[in-house]
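Data first, discussion second: the structure below is written as structure tokens.
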Amino acid sequence: MKGFTKHSILMACSIGLAINATAADWDNIPIPAELDAGQSWELQQNYSDSFNYSGKNSTFTGKWKDSYFHSWTGPGLTHWSSDESWVGDGNLIISASRRQGTNKVNAGVITSKTKVKYPIFLEASIKVSNLELSSNFWLLSENDQREIDVLEVYGGARQDWYAKNMSTNFHVFFRNNDNSIKNDYNDQTHFTPTWGNYWRDGFHRFGVYWKSPTDVTFYIDGQKTTKGAWSQVVMKDKDYTGAILDKSRYNMDQEAFIIIDTEDHSWRSEAGHIATDADLADSDKNKMYVDWIRVYKPTGGSTTPPTGDITPPSGYTNLQLAHSNRCVDVINGALWNGSTYQQYSCNTGNNNQRFKFTKIANNQYSINAKVSQLCMELASGSSANGAKVQQWICNHANSNQTWSLEDKGSNTFEIRNKQSGKCLEVANSSNANGGQIRQWACTGATNQRFKFL
């Protein structure tokens, strides 16, 4: 266990062995998120902590508050208390106990003293508690309107499914004047442990690369998750109106505090899923451990900002997706009206993937497939998300066959339909061959970004 390793190092120091006092626990653990060409990671000292000290000394108080960032004492039966967090044995410890004389729960919480903002990578090594309470690692904007949950799990839930399934979550809140919730657009994505039976069985790494307001991706035990990224979620106001969020207007665009805590959520306690007095008093169950947290920003590199209109090649070219590195492909090399497109492994010698851009007006083009000599068309000129994109006999007077290229930087661009104003994308951010090419509201996500190949 990590605490044992740190204790051993201290013993080694006492007998005179030389060690690097500035080494961090994560130094030999690669950062799993990918950088753009020429970039490097820069450690953010104000938020990174190995917890290689005891008590809440100046290192702790220089980075963290042992309370929430404002006066709220927590959801449901939660009562956040500074007495329920401390540093010892090389870990931050977040505990819980019964609040004397009440049915409430004293719970630990720490909050970063200042806010973070994209682009930024955060990762923590955490062993969750064995309680009905949730163990959490999350980000929340100061106005309580934007939330990114890197970890939420009921580690000791008596319902097995909840103990085995942690979630990553997004929330976009709209609030009333008294800060009560008017709308809560959210989506959750669940994951079982990469090893062991329960998340409480040991330390796991939970990370997020908040690259931009529309590019947020999670990492578990050093692996990028295949689901749950901002580009993949459907944000629904489940508890209020049932409406779907327009992600082309609202996204993860606000700076946020880092929060590590435990909570008794009202929806669970109201359903009878309550931490018992015995469990809350059990020192083997009532603690969440954080071995370390590291935070980095990407710096430097040759990444170029948007500069204006994109100029296509004069001849035929492939269209490569930024998120999957696969190419737009006419399915089965079809030659008829109404046939459709997919993404497929790139092959510049495959005519199914070769397209020519014919200029119609300033930054307006038709897109002609070499294999069929048919043009890319938005079926029926639909404005709906998910609308079919098909091949059809070319007619440059049709606005549903007219596309503009919007520069997104780093030699990538969006392809927008003139009639609908919406973007081409790969459905559900699929990385697989056969991923559907369709129309969707423009979000800036990488499954809507293309480059010439």
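Backbone N, Cα and C atoms are what each Cβ position is placed from, and that goes for glycine too.
Between C327 and the candidates C346, C375, Swiss-Prot records the disulphide pairing with C346. Partner cysteine of C394, as given in Swiss-Prot, is C375 (from among C375, C423, disulfide bond).
Checked against C423 (disulfide bond) by C-alpha proximity, the recorded positions E152, C346, C375, C394 yield C375 as the nearest. Under a cutoff of 8 A between CB atoms, and with a sequence separation of 6+ in the same chain, the neighbours of C442 (disulfide bond) are S248, E406, E414, R416, G421, K422, C423, Q448.
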